[in-house]
Amino acid sequence: MKIVGVAACTVGIAHTYIAQEKLENAGKKAGYEITVETQGTIGTENELTQEQIAEADIVIIAADVKIAGRERFEGKRIIEVPTDVAVKSPNKLIAKAAEVIVQPR
Amino acid sequence: MSKLKKLNLKGHLLTAISYLIPVVCGAGFLIALGMAMGGTNQTDLVQGEFNIWDALATMGAAGLGLLPVVISTGISYSIAGKPGIAPGFIIGLTANAIGAGFIGGILGGYLAGYLALAILRYLKIPKWAKGLMPTLIIPFLTSIIGGLIMVYIIGIPIASLTSLLTNALNSLGSSSLLVFGGIIGVLSGVDFGGPINKTVFAFVLTMQAEGVNGPITALQLVNTATPIGFGLAYFVAKLFGKSIYTKVETETLKSAVPMGIINIVEGVIPIVMNDIVRCVVATAIGGAAGGAVSMVLGADATVPFGGVLMLPTMSQPWTGAVAILVNVVVTAVALAVIKKNVAAEEADVETDLEEDDIDLADIKIT
């Protein structure tokens, strides 16, 4: 399974990056390919490529604020949560993503 | 209720605040530096009649004066996207002009955003006029409707409400200050930068935009002191012959404490997660003490962020330093007392398997 994600919090200097790290670690631990883009106050880092988005089975958006470039995920399965869900329960969130993928829309 | 949730009012406010913080920090440090060096805020910088410190103070004041506009534009953009920017800007300036201040800016932002969105959705126009939609129709219609509502309907009541609130806050006696500061301290500490903290932050930021600096200073000093307190607790516990952190947690502290010094409280979250109740209790006790001291002594940073960097912007930096110190010591002692001793072998076990259950209400799947 391939996952792409976006993390963005209010102040954009802490939660954003903690969420990214937790999600990536949890994803890798579960044996998935995962890349998480961060949209902090500094701007977008670790930007997702078009291929990564095209190949992804699911998109995880962990954000407290409006994210930039949402239209890139048009037509994809998207899970949206506040950043603290990704910070507090990354493994469960990844498990939830795996569940969502097999569910019919 | 679910409909209200779908509107995501808070999310739009948080988005706007994320744009606001760099403006407040930049302008806040400018005005603090300028005024500390004897500069004054001037309405016009007349050639030859000002020095560099006057210039800095004036720049900072200009930036801070724009806060209602920034919040309004940010909210409107969050709701309606790019078409929301122009009306958000105009209605924010209108809120400023009528004296409705920051609260007016917030309401104006929602007004501008939803009006723009409604026009975008419901106003049907012929194909040849499509180009007029973003350039003329939305900015003009939204601004004239929203702006007039601001001027003739909501502006005046908000302006009087705002001055009522600021007057009330400015005239609080020291026992009320103690209670108020304590409450801010507890609320900002208990969820370590989470949703409660951010809600309180939005509230105290509103007060700062109205020129009341105490509450936000109390909040941020607590955020600053909490991780440092966690660090100090390590040593205090050692004095009692206790070791309260696992090896992994001690490693976490090495980055959490420096992060705390510059106002990032989130670094301690991994430690808190392992022992939520005790950590939250200790944080709340320390936060109440720190917040109360900060308010009673009148620590008044002009910038809403920066940890110890906020100290020089206060009219009396020692007040903030004392508040941090009290908070750090109380949190540390509380942690050292109530946290359990970690047995040596247990100290090596990584305990990241326990996680909160995900609240389904928090999750949106499309």
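Each residue, glycine too, has its Cβ placed from N, Cα and C.
Per TrEMBL, the features are:
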DOMAIN    B:9-352  domain 'PTS EIIC type-2'
TRANSMEM  B:12-35  transmembrane segment
TRANSMEM  B:55-77  transmembrane segment
TRANSMEM  B:89-117  transmembrane segment
TRANSMEM  B:137-165  transmembrane segment
TRANSMEM  B:177-196  transmembrane segment
TRANSMEM  B:216-237  transmembrane segment
TRANSMEM  B:276-298  transmembrane segment
TRANSMEM  B:318-338  transmembrane segment
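Taking residue pairs at least 6 apart in sequence, the transmembrane segment (B:216-237) and the transmembrane segment (B:137-165) share fewer than three C-beta contacts under 8 angstroms.
Counting Cβ pairs under 8 Å that are 6 or more residues apart, the transmembrane segment (B:216-237) and the transmembrane segment (B:89-117) reach fewer than 3 and are not in contact. Computed over the domain 'PTS EIIC type-2' (B:9-352), the whole-number mean pLDDT of the model equals 88.
A contact between the transmembrane segment (B:12-35) and the transmembrane segment (B:276-298) is absent, since fewer than 3 of their C-beta pairs, 6 or more residues apart, lie under 8 Å. Non-local neighbours of the transmembrane segment (B:89-117) in the same chain are 9, 12-13, 16, 65, 67-80, 83, 138-139, 141-143, 145-147, 149-151, 154-156, 158-159, 161-162, 205-206, 209-210; each lies 6+ residues outside the stretch with a CB under 8 Å from one of its CB atoms.
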